[in-house]
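Student: Copying in the features that TrEMBL gives for the protein in this structure:
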ACT_SITE  A:Cys215  active site, glycyl thioester intermediate
DOMAIN    A:347-438  domain 'E2 binding'
Amino acid sequence: MSSPDEDPPTEPERWRDLDMLLSRPGNLVHADFNPSPGLRDSLGSLVEVLVVGAGGLGCELLKDLALSGFKNIHVIDMDTIDVSNLNRQFLFRVQDVGKSKAEVAAKRVMERVSGVNIVPHFCRIEDKEIEFYSQFSIIVLGLDSIEARSYINSVACGFLEYDSDDKPIPETLKPMVDGGTEGFKGHARVIIPGTTPCFECNIWLFPPQVKFPLCTLAETPRTAAHCIEYAHLIKWNEALKRAELFGISGVTYSFTQGVVKNIIPAIASTNAIVSAACALEALKLISGCSKTVSNYLTLETLNMVLFEVHYFSLTICRYNGLDGTHINVSEFAREKDCLVCGPGTLIELGTSTTLSEFIKMLEEHPKLLMSRASVTHEGDNLYMQAPEVLEQMTRPNLGVPMFELLKGAARTTVHVTGMAENNGKKVSSLRKLRVTFKGVEESSKMDESS
Amino acid sequence: MLNLIKIKDKKKEQAASAAGKAPVKKQSAGELRLHKDISELNLPKSTSISFPNGKDDLMNFEIIVRPDEGYYLGGTFVFTFQVSPSYPHEPPKVKCKTKVYHPNIDLEGNVCLNILREDWKPVLNINTVIYGLNLLFTQPNDEDPLNHEAAAVLRDNPKLFEANVKRAMAGGYVGQHYFPRCA
């Protein structure tokens, strides 16, 4: 990374508006905001931003962030450019069809905005080591699936650490700005793990997917959609056989989903508005030049007419004309016991405490009072109370010290399920625990391995 | 706000301890919820469960139903469950691995059970689905058929339906379709 001294000469005229925001005090700025003419340089040299997705929103985001003073940007997307993307994913041209979205988008923005460096990653988000995500100060999401959001959310929240008073430790914060669009509707939300609700806290907000009964599809179809779903779900094997017959590869279920999935026409303007909101929130989060929205902005642009959005700062303008544009901000609350972003219950063990002693401790722990606990740690099922086959497979662990089962980590997260007391009643519960070991230093593990 | 000075310090710190932490395997909220469902399973007598990929892969498992009453008494039916990380936002994907002569299960193993599709709700769980599958065998339903022929026989001639089920379970042809033995 170049130090501020080696940066290309500043172009005052180009950044005039940004400099006004970053170099002057104000009434709605963040408490720690320190206006200075050098803030823009720091923003460019110190901050690394990750943009997840280089599609409709991603293209806009890359452009907006590059024009907002961010100079170190990474973008990750597993998709290649399809001809149907060209109407709105404005960084792509006909000759780019078939190439990686991330690579082409990065190249185009770098060509147009001098001084910005964008590193493309042409792969799945799950293919990156968790460590990859730790280098970023902020993650901006331009995704179209719940699953991918949920994954990035769990990664970002995974970096969060709490102190012994269950207060988030600021140095471990990895904020996210999540954008999403669907036709004329969109949202932008700010996720500060440990402070604002994480994606998982409000996952119930998403409406369930419309699913038709299988028997309706097979026997009594009534709509065009029923007929298409029939071919997709029930006669899918025939597509497989046909591909085999003609020696065509690539007929996988996920590809079929891609072809048939419920595609809502994407509107370029919705993407542009949502992306602008996200880029602005990212700038506010990083620089403190204004308070961020708190914490979920929704947008509807039915029958879009000319409009102006003044939502910078806390004053949210609602233009609610006839069939016009509507912007609203709602403040969602955190889920107190969220398994992903919540602090969990702190529990201290000795290095010789066995799994069965640990399970006994949970019964007596005043904050848990959990009986019949099953224990899981990072995908290892340490003990399962039921069903019998799993109980038998995990029973040998009961006599093993937790320190060994948790692979010698000084502190780690464990999840337990069992019957816990809630308002005097025993109810089945799933809890997150922060386990630490007495007398074990954080670095001991590294010493052992090196 | 993220203090830029802090970011600077953190970068230095990271550079100093380049080793960093070992990558941690992420457990999705869906996996955790499934862990809860599985650890609380209360299987009916007619049902058993197996985990072909061992104790640490709960997302793929098999349910074996041996109905203790009704037309399908004596048969053994295997269902595969595939649970996605979006569980319980999305229902598990359930297929019947055993070829069965049944009005609500087609010959490809698709199962017509309302709670697996249109009536799925995140408050439901794996146990509910297992009870639903058991119900399919004790009360096959001719009103929402997936196997049209079987449903018509059940509706019009229950005696013949019973005989057909017996023949299919013993291993044999019903109409043009061969059913391997599962009794």
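Placed from the backbone N, Cα and C atoms, the Cβ positions cover glycine too.
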Student: To what whole number does the mean pLDDT across the domain 'E2 binding' (A:347-438) round?
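Tutor: It averages 91.
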Student: Take the domain 'E2 binding' (A:347-438) and count its residues per DSSP category (helix H/G/I, strand E/B, coil), listing them in that order.
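Tutor: Summed by class, the stretch gives 26 helix, 41 strand, 25 coil.
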Student: If one looks at the chain holding the residue listed as 'active site, glycyl thioester intermediate', which residues at least 6 apart in sequence have a CB under 8 angstroms from its CB?
Tutor: none
